[in-house]
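Handing you this structure, nothing more for now.
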């Protein structure tokens, strides 16, 4: 049985970030900054409440007689209770034989073209521990992109506006960035396990390192670009955020309505249609929050039973990163044009190039991960390099097609048959010009 290290890491990040947010909020209130105080408090408590709801939903505490646990969730102490339960299960496992044991069958990732089926006995304690890991993974994603990402953006904006980076604020921003990167990492691992559920997936440390570098560069660049743009063009910040957020929020629903599939009823048997709709709206809300800051490895598809697309869509990923790079460059250009006096001692062209370079480095580490470090790369129908070559060939073909059409027209005009026809037509016209009476008599 694996040590529940992910549960412990999620709890430490959750508690440390909540503590730092509350301390910083109190400091803002004491300094008289009421707006920063309430925004910091809002971005801390709202995701905390959503984390409690997700833990209650996954463990199905509403249908069970556990009033003490529900009370602790209402007091925002749910993650602490769940972590204690997980470690109690881990340390008491093996002392008493499980009365119920299930057998799971999974395939090995192919090696040298061969794959073997593995049978494994899963006891009741291990199954409960697996549920705890899954619940904390999803809670980490919610905490990262609905709490830590807005919090990091807010605190960096305050630092720029006040032109001061305090020790408390820098520590809080570092914790928020770690929380976002960890949530993105858990999102990648969840996507791999959902898409390749029939296989025994084992992620190597090199893959974790590659994902960490990829996500940290991508998220840090995105947050910095948004903050720089909002610091000089506050009026246009809201339209940019709304277009991004609402576009990603309604995209799964548009695909669902276009597919004309029946309404999904498999979220939870005890839920009514209204409850199912609320859960699906929260899912798309989280999906939009992730895509606001980085590429979500999990693609929501409401027309399938699992609500998650299991196909690897390289085209969609390529389009996302190309459009995001263009958007980041455009926002940085607007910041460069309209920058104010607070950036007087900042080398703006160098910062512009550094941010674009960091985003390109994030894309590079993403390519390295999918090409060399992905645990299921042998199951890909086509590698990412082949997909990029196909896209580049398509773009080259589309660029060359107008030129080839022009060359074909010119070749047709200069062909021997056309030249003979023009010569014959020229002779006829010459003969008609040489014998005007003949043409007149023929007309008569």
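Note: Cβ is positioned from N, Cα and C throughout, glycine not excepted.
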Of 318-338, 381-401, 402-422, 423-443, which span is tagged transmembrane segment by TrEMBL?
318-338
Kindly point out the range from 213-234, 235-256 that TrEMBL annotates with transmembrane segment.
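Range annotated as transmembrane segment by TrEMBL: 235-256.
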Run the contact check on the transmembrane segment (235-256) against the transmembrane segment (277-298): 3 or more C-beta pairs under 8 Å, excluding pairs closer than 6 in sequence.
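As far as Cβ distances go (cut-off 8 Å, pairs 6 or more apart), the transmembrane segment (235-256) and the transmembrane segment (277-298) touch.
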Of the listed stretches 35-58, 277-298, 350-372, which one has the most C-beta pairs under 8 A with the transmembrane segment (172-194)?
277-298
